[in-house]
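Annotated features, as they stand in TrEMBL:
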DOMAIN    41-489  domain 'Major facilitator superfamily (MFS) profile'
TRANSMEM  120-138  transmembrane segment
TRANSMEM  145-168  transmembrane segment
TRANSMEM  174-192  transmembrane segment
TRANSMEM  199-221  transmembrane segment
TRANSMEM  233-252  transmembrane segment
TRANSMEM  321-343  transmembrane segment
TRANSMEM  349-371  transmembrane segment
TRANSMEM  378-400  transmembrane segment
TRANSMEM  406-429  transmembrane segment
TRANSMEM  441-459  transmembrane segment
TRANSMEM  465-485  transmembrane segment
Amino acid sequence: MEDSVPVLTTSDSVEQENNIQYSEEMVENGLRRFGWSGMIQCILVSIAMYFDAQQSFIAIYSDEYPTWHCADPTTCTSHSDLCKLPKSSWAWDGPSSKTIVSQFGLECASSFITGLPQSSFFLGCLLGSFVLTTLADTSLGRKNLLVLSCFFMSLASATTVFSTNVWTYSCFKFLIGFWRSSIATCVLVLLTEKVSTEWRFTVGIVEYFCFNLGYMTLPGIAYLNRNSSWKFLYVWTSVPAVCYSVIAYLFVSESPRWLLMQGREQEAMAMLTGISDSAVENGSNLTAGLLRVPAVKRKSILELYSSIVELFERSWVGKRVVALMVLGFGIGMVYFAMPLAVGNLGFDIYWVVVFNAFMEIPSCVVTYFLGNCRRKPSILAFSVASGICCILCAVVSYEIKVAKVGISLVAFFCDVTAYNVFLIYVIEVFPTSVRNTTTSLVRQAAVFGNIFSPFLISAGRKNEIFSYGVFGVVIMSSCLTLVCLPETKGIALSDTIDQQEKKDNISA
């Protein structure tokens, strides 16, 4: 007797599509009732961004070129070239261990050497994105990767106190960047997959607020340690992060959408009924809906990076990833480089960072109201405005410091707003099965650009066209990719590429 081969008829295909649609609606209904327990979960997840921000921008103070004064007025003046003076004729303001420049004797080092630590940090971020973040879509999940990344980032940060020269310090910065690379992506994906469509933008604001809080507190920590070694900055920012990692491991729950995609229906059902606070009424309906989801094959050790392969199975997915990576390259370069370039403005380095950080507060408010607006025009408008202000900042004279600082703040505000909307947009464009991988790839495109930012910033000390001018041209040019990207406002998240394809009406 010959084995019969099952044939997928039109009715079977329609039934499968209906099951997918039904299960998606059930997940949305389970996530729709967002109570206090859900808000606490979102806040607890978002706190990781507080520590991520501090490690991202701590180099503003630890790698700063400190001020100095003449110890022998007969041989030097305040306008003298430091590298041409004898060591006995000048001294640093404050302790010689205040920054790595003064401790490691880098005052006359090349731009490559002084920019190496922060470039190593971004290089670590880039490598970590390829090594780590696919694990969040496959074996580890969102929660476990978030906890591991935050914990090891904190340990790497703490070990920088053992640096003896710029080379070992750069190695530690590389490790910090490597482990830090997946934190922001895991937080954003975990938050948006824990809530329904109408709450997605709100929880995104919580993440941005925590990141901004970490950025805002950094000048205060640096100011309190202004007469101490730069190593204390790393101690005060890493120890609390280790404690947070333990708390997150104990109390943060996994994404119900990820559990569903891994075939763990019962765990997903229990979580959804718990979120909705109506387990008795809706439990049976959710169970039935989840059991109708097409089975997902569990990942083996050899398939940990299968989500990357999945990106290239459909041409439209690959094109979408590349377009978003180019856009992220431009927006992200300005987002990370401008805070690191504040030393070029000739203003007090503590106050200007505080001003920059405060710009993120109105940006979060504007981002919240942009939740009801179309994504693409919002990104375009704020990116172009930021680019124009960057170019203006490059041409304004140092003699009018207030105007120069004001223009740079407007440029940063516009870019932060564009960046906030952009990150939400990336989440909406891709389905659950590849969301963490694609989001990470897009975010790391921004990191790739910032590998070169320290060298541009150093060159910008002599001619700001090489720093702010380049930033403005890059961000405006990257917006051209918006032409080939879809609009996502008000569209529910998809779980598989097939669902996304049907929803966007893309021909196979």
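Just so you know, glycine gets a Cβ as well, placed from its N, Cα and C.
With pairs at least 6 apart in sequence, the transmembrane segment (321-343) and the transmembrane segment (465-485) have 3 or more Cβ pairs within the 8 Å limit; the two touch. Long-range neighbours of the transmembrane segment (378-400) within the same chain, counting only residues 6 or more positions beyond its ends whose Cβ lies under 8 Å from a Cβ of the stretch, are 327, 330-331, 334, 338, 346, 370, 407-408, 410-412, 414-415, 417-418, 421-422, 425, 464-465, 467-469, 471-476, 478-479, 482. Sequence-distant contacts of the transmembrane segment (145-168), counting only residues of its own chain at least 6 positions beyond either end whose CB sits under 8 Å from a CB of the stretch, comprise 45, 48, 51-52, 55, 100, 104, 106, 109, 113, 116-117, 132-133, 135-136, 175-176, 178-183, 186-187, 190, 231, 234-235, 237-239, 241-242, 244-246, 248-249, 252.
Note on the transmembrane segment (233-252): residues 41, 44-45, 47-48, 51, 54-55, 58, 61-62, 143, 146-147, 150-151, 153-155, 157-158, 160-161, 190, 218, 221-222, 225 of its chain, located 6 or more positions outside it, place their CB under 8 angstroms from a CB of the stretch.
Nonlocal intrachain contacts for the transmembrane segment (321-343), taken as residues 6+ away from its ends with a CB within less than 8 angstroms of a stretch CB, comprise 56-57, 59-60, 64-65, 118, 122, 215, 311, 349, 352-353, 356, 379, 383, 386-387, 390, 408, 411-412, 415-416, 418-419, 422, 426, 429, 438, 441-443, 445-450, 453-454, 456-457, 460, 467-468, 471, 474-479, 481-482, 484-485.
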